[in-house]
Amino acid sequence: MTKHDHSILTGNETNNPFWNLPLDDPRCMNASCNAFIIGFNKSQERYPNTLYANFGFWTVYFYATLVGIFAFIHLKHRFADWNNKRRLRERAVGVWRSFTYRRLHGWIGDQVDVSYGILVLLASATIFLSVMPFYQGFFLRDQFRFGSPPLSVRCAMLMSALTPIMIALAGKMNIITLLTGISYAKLNIWHRFIGYAVFCLSIVHTVPHLIAPVREGGMAELTHLFAIHRREFSGTFLFFELICLVVFSLPYCRNKAYEWFKHGHIVLAMGWFTLIFWHIRNEYIAPEFFYSALGVWGCSVIARIVHRNRFMFPLANALRGFPATLENLEGNMTRVCVSVPSRLRWRPGQHCYISVPGISSLGNHPFTIASIPHPEYYEGDNELVLLIRECGGFTKMLGAHAKSHSVLDLSLISGLPSPITPGMFVQQSENNSSSSLSSLVSSVVEKRASSAPTFFLSPVPSTSVSRTPPGDRNTLDPIVAIRGTNNRDNSAPTAVSRDRSASARSISPNSPNIGSRGRRNSSSLSTMSLENLEAQREHVAQVHAWIDGPFGEYARPLHRHYEGFVTISGGSGLSASLPWIVYLCEKMRNDAARAETGDGGECRMRAVRFIWSIRKSEWMSWARRELIKALRAAAASNGRFEALIYITSKDTDQTHAKAAQLDLMVAAGVTEDNDQSKIEVRFGRPKLEEILPGLLEKKRNMIRVCGPNALKSGVANAVATMQSLVISGKIESISLDSETFGW
């Protein structure tokens, strides 16, 4: 019989007249009767009352399980309804991003390019490296002769272990980038952090080595150690070498004299590495760490050499570099176009290093690539475009060289109108008065609506519009063409699209051709692209350049993962935005073309927005070619492209800015009522926290920013705040990617 826990019934026979009653006596019915007690206890032993509660528990478990199953189903539906069929994971990610994306405010945030997420990682690493040497105690040995202080040795081992990863993070071609997909430029903060950590550990490593001998034998003992060249002697040179490395790597010194820093940093690092082997010879396992670091550095150098020279064939490319042109733009901007082999390809957001023999033969300078390569089926060379702003040093010399070859003497070119913006000309009468640009553009737009592919605006006071036969439909539509009045041979130079791929190329022997020195030849062009016309008006500098790259992090195919894309740039930071807007707009256009044949669906992207802040409207010429390409591609797609250009200068000529806006619309062949392709010029600084929520799609969104730290900080904090839209289920996802602005 199974024993069960049960209560034992007892009684008291003292002065109890019922105690000895038999069980069959009706009065024997409780604990006052001994027979009842015996019978009750036997019954309880066989099946105690405590078992009855289990039936209640089992019943509760049964219906609770049923209720739980249906409650789970109900909650799943509620979450699905609350989440608009989006996963709870997206909400958790939104909560996490609302913290990690945020950045410091105020002056500190403008100076420090780091987010809360990076700060958490840096703080974790700092705590780890701070605790490791100290938590065990036992800092000094009883006698210095018994061995080096344990605290010093622990710090030495930490420094030795950090050296391989520090060396790896210093290389442009490194294993960390290969494994994580993060660009070496973004990993550079960890290279600097580890360098500072090694410096701090070296201080902790040095102090016990000074205290221990002085405690044992006074200053005489320490002097003796230096006299016999013990490790304290070599360590002194190593410590001061490390001080120089750290001091000259501080942002102030780095920014003041980058060229000196770059070359000096390499020399000091090589000196430090050499002194290390002198200092640690025959020391435990520390040399193995430094041998590993040496191997990491060697692999990085070999990979860099192979990566840099893989396109330097034939030999002429290695000796002279690739042919390139330097074009001077407004605002001390130089547009560098390098003709590279078609097999050299890159992705939006990547950068390269450029060296121009004759200007800076030994210099190697990083710049973001502002163009995208041709499709793979295109057999010609790729055009690698860099937009380089004059800041001093190499950039100043490059700009001066471009300006020296772009002097425009209009007296040599009779009949050419005066430029307002690249590609837009206002006709001048004999008294140099300008006709209304607004009415001029309106006239052109109206005529475009009647499907005229090419226009010629007569320079006479009564402007007339004539139409030329349609050209090749495979070329992009030309824009405004102007006919001169004072030509000596009464011919008509014309200007159309500045975009190289958009130019009309029908040649007539009756039009003037301006030679490379500004003189007109007897041959002429009846229809000339603005690109070709300005190439003759401006003496573009011809140079050769070496290209090292491309470099950059792994870029996911955004058109497959996101429905909305917003890119934000400040000033020359547009180099990081231009390739993305052209790339994504062309993806949308190609997907729309494939959809007509039933092969579409690869591109999820449906909206591309570009926010650009500049001080002067003239600077819009920096992005003219790419904006025209994006506007045209979006107009032929199933998506939308919108460019918002903010002119921040208070003394901006708003008429000029609006004229530039209309110029771009006419050049792209779009009208103001076109919902798929829009460009708008606004005045003042953009209030991103108010603008961005209205630009997001309801599904997945990617926001990219490149510009000064103040802009990046403002965008990051705005995106962190907008994660509330993800948490509330209004938007599925909002991601942020910040581009490094300078090195």
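Using N, Cα and C of the backbone, Cβ positions are placed for all residues, glycine too.
Copied from TrEMBL, the annotated features are:
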COMPBIAS  458-469  compositional bias 'Low complexity'
COMPBIAS  484-494  compositional bias 'Polar residues'
COMPBIAS  503-526  compositional bias 'Low complexity'
DOMAIN    308-420  domain 'FAD-binding FR-type'
REGION    456-526  region 'Disordered'
TRANSMEM  55-75  transmembrane segment
TRANSMEM  114-136  transmembrane segment
TRANSMEM  156-181  transmembrane segment
TRANSMEM  193-213  transmembrane segment
TRANSMEM  233-253  transmembrane segment
TRANSMEM  260-278  transmembrane segment
TRANSMEM  284-306  transmembrane segment
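In this chain, the transmembrane segment (156-181) touches the transmembrane segment (284-306); three or more CB pairs sit within less than 8 A of each other, excluding pairs fewer than 6 residues apart. Residues 99-104, 150-151, 154-155, 158, 189, 193, 197, 201, 204, 716, 738 of the same chain lie 6 or more positions beyond the ends of the transmembrane segment (114-136) yet place their CB under 8 Å from a CB of it. Predicted-model confidence for the domain 'FAD-binding FR-type' (308-420) is 76, expressed as mean pLDDT.
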